[in-house]
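Participant: Got a structure for you, questions after.
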Amino acid sequence: QDSASPIRNTHTGQVRGSLVHVEGTDAGVHTFLGIPFAKPPLGPLRFAPPEPAEAWSGVRDGTSLPAMCLQNLAIMDQDVLLLHFTPPSIPMSEDCLYLNIYSPAHAREGSDLPVMVWIHGGGLTMGMASMYDGSALAAFEDVVVVTIQYRLGVLGFFSTGDQHATGNHGYLDQVAALRWVQKNIAHFGGNPGRVTIFGESAGGTSVSSHVLSPMSQGLFHGAIMESLVALLPGLITSSSEVVSTVVANLSRCGQVDSETLVRCLRAKSEEEMLAITQVFMLIPGVVDGVFLPRHPEELLALADFQPVPSIIGINNDEYGWIIPKLLLAIDPQEERDRQAMREIMHQATKQLMLPPALGDLLMDEYMGSNEDPKHLMAQFQEMMADAMFVMPALRVAHLQRSHAPTYFYEFQHRPSFTKDLRPPHVRADHGDEVVFVFRSHLFGSKVPLTEEEELLSRRVMKYWANFARNRNPNGEGLAHWPLFDLDQRYLQLNMQPAVGQALKARRLQFWTHTLPQRVQELRGTEQKHTEL
């Protein structure tokens, strides 16, 4: 029944969805929005692991978008997100543990379609499921798409480092959503034995963390990490102190023992919590001994995880525009001389949690003795892209490829609709591939794609969905995408996809050998000084 208001069962009750049509295909899609996968994390459940959702009677309405989790909406400012329209007004609430499902209208219990679960990005401090519309992917590729939400910022990642607030609650929310999918997705025509998790930016970090977490084992069977992995210093820390100290001060709860601090924070209103959480542009997950038994670096190095087939990739200009504007508040169009650059390098090494003395080594490596301000800025951007995105992604690919099939890509196409929205020298910026994965921009808005771009989007969707179906992105009518193995071949994703080899191999040497050696030496000298 290709019904206009489909009703499906879940283990907590029935839900009614709606029928949507996707331009360019006859396939209808059933959408079920705002299904609860956990109990609202309110009151005593603030800073606690998620609890199972409660049952409801009657049929729940699944036709409107769920509230987003608490976040700083000012950052989601339209300029930065390149929105040329006003996003739908979506309420914000601490009660935000909901997911959206997009399933082909013909899908029935027993259809056994592959399932793709999207984890949104946003530095673990912002974003929402509803920014991403899964209907095109569902319609064109005959897969069930699920987009999930998780607690953000302080509410999702504050930790006292002990049992009073263990931290990673946002990650535990994601695990709860994946468990919900295992239990219920068959009712929507999905196959719980064929689940791929995919995400971009902090969503990629999340996916990468699930690959490493013993808690998530068996909840998914393939992983796609777009632009970020579990190794970005700003998104993972071994110690909860930095965040908890800031929170203790901002909340005026003071430097008290953890039990008192958590009690004090639980008594704060939603508005007060929002004011505290808005301070963080990024917030790190923490090595909690449960979700992450050890630091991701160690888990990867020791191969102490259950590998799954993976696609890992980056864009060719990750630090082109949106990230420097958000994180360093610098305008990449401003030219700076070497001295000014040195200052910025100093700030940047701090952000990357590297010893400040390494700034000069990085300048030598990336800028040589060049004095041209344009060149200096471009090289600074390349260095930051390498440090935050490219090198971590390559390292994870190298560490995973010996355990499970791994495919690597570099996305190289600059979307035509951005040409008036940012400077001409920006290539494929952070987040640019997402438009092609979903064939729509944020909140499902149609952006004008050229015919070639439509084709590129169909290709990207096909690679991603083939991977969800067969753990291998290759298929008829697509340029061959080789495994990332000893010869380090990868796919250059653009209008004419081609195979590349050994992406940035020399730089990888620099980041994995030269730099750590220098860090050791510097720490050694510091050691000596302290001893003297």
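Counting begins at 1 with the first residue displayed.
Just so it is clear, glycine is given a Cβ too, placed from its N, Cα and C backbone atoms.
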Participant: Name the residue range among 49-52, 161-164, 237-240, 529-532 that Swiss-Prot annotates as motif 'Prevents secretion from ER'.
Facilitator: 529-532
Participant: Which one is it, C96, C253, that Swiss-Prot ties to C69 with a disulfide?
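Facilitator: According to the record, the bonded cysteine is C96.
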Participant: Fewest other Cβ atoms within 10 Å: which of the disulfide-bonded residues C69, C96, C253, C264 wins that one? Let me know.
Facilitator: C264
Participant: If I take the Cα of H430 (active site, charge relay system) as reference, which of the recorded positions C69, S201, C253 has the closest Cα?
Facilitator: S201
Participant: Near the Cβ of E318 (active site, charge relay system), how many other Cβ atoms are there if near means within 10 Å?
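Facilitator: A count of 29.
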Participant: Provide, as an integer number of angstrom, the distance between the C-alpha atoms of N249 (N-linked glycosylation site) and C264 (disulfide bond).
Facilitator: 12
Participant: Calculate the distance in Å between the alpha carbons (Cα) of C69 (disulfide bond) and C253 (disulfide bond), and round it to a whole number.
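Facilitator: Just about 23 Å between their Cα atoms.
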Participant: Based on Cα distances to E318 (active site, charge relay system), point out the closest of the recorded positions C96, S201, C253, C264.
Facilitator: S201
